[in-house]
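These features come from Swiss-Prot:
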ACT_SITE  Lys141  active site, proton acceptor
ACT_SITE  His260  active site, proton acceptor
BINDING   Asn89, Thr139, Lys143, Arg261, His293, Ser345  substrate binding site
BINDING   Lys167, Asp169, Glu170  Mg(2+) binding site
MOD_RES   Lys167  N6-carboxylysine
SITE      Lys300  site 'Transition state stabilizer'
Amino acid sequence: DILAAFRVTPQPGVPPEEAGAAVAXESSTGTWTTVWTDGLTSLDRYKGRCYHIEPVPGEADQYICYVAYPLDLFEEGSVTNMFTSIVGNVFGFKALRALRLEDLRXPTAYIKTFQGPPHGIQVERDKLNKYGRPLLGCTIKPKLGLSAKNYGRAVFECLRGGLDFTKDDENVNSQPFMRWRDRFLFCAEALYKSQAETGEIKGHYLNATAGTCEEMIKRAVFARELGAPIVMHDYLTGGFTANTSLAHYCRDNGLLLHIHRAMHAVIDRQKNHGIHFRVLAKALRMSGGDHIHSGTVVGKLEGERDITLGFVDLLRDDFIEKDRSRGIYFTQDWVSLPGVLPVASGGIHVWHMPALTEIFGDDSVLQFGGGTLGHPWGNAPGAVANRVALEACVQARNEGRDLASEGNEIIREASKWSPELAAACEVWKEIKFEFQAMDTLDPSSDK
């Protein structure tokens, strides 16, 4: 069975058992009345069952309802169909004040019907020939308004300075100021030039997201013809069907696939309604993507440490044990489906490097947009500062130093022999984003 954990807030006067049963029925075989055609099938075989209900500690009138769905209710290899059933009409149900899908366990038999990420972590490292450290990226800013040639120039400067990747912003598709074909050509030129100068393999996430699936694949084909190693997709705005199609194309044609999660906060930010990001992350691993943005814990965007690490491990590891202290409601076996690299991006700079290296470990991509392009000396020195900071943190960690307590000292030491890093340290020493996360763990959910 596919198991789901829902956070249910019933309307006043509706008992939790009734609310849980209503969720199970409406998201499987039920409708609002008894119909004659019920007698033509075996409802016992196909109906969802609410098998356990527990109150949420510290929250009045909130319950976690566990529902089991028979596997035959779902089309093989279709995240779209899975979500249409589990989070379809039921979210508009009048008997509920609010409803949130907290976690999902897909059985191994169902996981095996998905291709998953086009390549996965190990194959990506082999393609790029980069081992033993996180990968470094940069989102080109300003995100909108640059001409293709100026955009390509910024890409070259960042890659030349020592970054592994640069990135199209999620809103960059094919606008009047920069059509996609021109951008792809100038970025490919920047790639080849920076590779020749540094001797390292470089990549730029060429955003293939488009208004139709056909146009999206056309852009991916052009990227492949240019010899680009990686393309990009906005998987929530583009949709799971489009994403799975692109992931299949990428595997067949040797392209890596970077996934941006634009629109996720609309779905996952409220604690009592929507879908938790850990479910969207699992769905992405099934649908296909080699990288996905996962929050930073320390930057400008939402994300509590334990919750973030919970779904970061869900993306990378082959087997995850149930651990309510990190918000993981079910044990999940990925049966060798390739892993996805989490991408930390959003409001981070060189002073965050020790924390990011410690939190995310080697199998991650650390992306500094403003933290590269905001360097007072320019784009290339900004890239140099980030690369030096990363190498210093990795070396310190390998020597057994504690990045959590000695992080600032490690960065200060490194800045003595890197003027670029020293300048970056001076600019960003005061910037902090200290707000309480909206989506937090429940008080005693460490069962």
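Placed from the backbone N, Cα and C atoms, the Cβ positions cover glycine too.
Within 8 Å of the Cβ centroid of the Mg(2+) site, not counting the listed residues Lys167, Asp169, Glu170, the chain contributes Thr139, Ile140, Lys143, Asp168, Asn171, Val172, Tyr205, Asn207, Met232, His260. Cα of His260 (active site, proton acceptor) to Cα of Asp169 (Mg(2+) binding site): a distance of 9 Å. Listed in sequence order, the binding-site residues from Asn89, Asp169, His293 having a Cα within 10 Å of the Cα of Lys141 (active site, proton acceptor) are Asp169. Cβ neighbour count within 10 Å across all protein chains ranks His260 highest among the recorded positions His260, His293. In the three-state DSSP reading, Lys167 (Mg(2+) binding site) counts as strand. The most crowded of the recorded positions listed here (Lys141, Lys143, Lys167, Arg261) is Lys167, judged by how many other CB atoms sit within 10 Å of its own CB. When the neighbouring Cβ atoms lying within 10 Å are counted for each of the binding-site residues (Asp169, Glu170), the highest count belongs to Glu170. Ranking the binding-site residues Lys167, Asp169, Glu170 by Cα distance from Lys143 (substrate binding site) puts Asp169 first.
Closest to Lys167 (Mg(2+) binding site) in space, going by CA atoms and restricting to the binding-site residues Asn89, Thr139, Arg261, His293, Ser345, is Thr139. For the binding site of substrate, formed by Asn89, Thr139, Lys143, Arg261, His293, Ser345 according to the record, the largest Cα to Cα distance is 37 Å, rounded to a whole number. In this structure the C-alpha atoms belonging to Ser345 (substrate binding site) and Asp169 (Mg(2+) binding site) are separated by 11 Å.
Of the recorded residues, His293 (substrate binding site) and Asp169 (Mg(2+) binding site) place their C-alpha atoms 12 Å from one another.
The 10 Å shell around the Cβ of Thr139 (substrate binding site) contains 24 further Cβ atoms across the protein chains shown.
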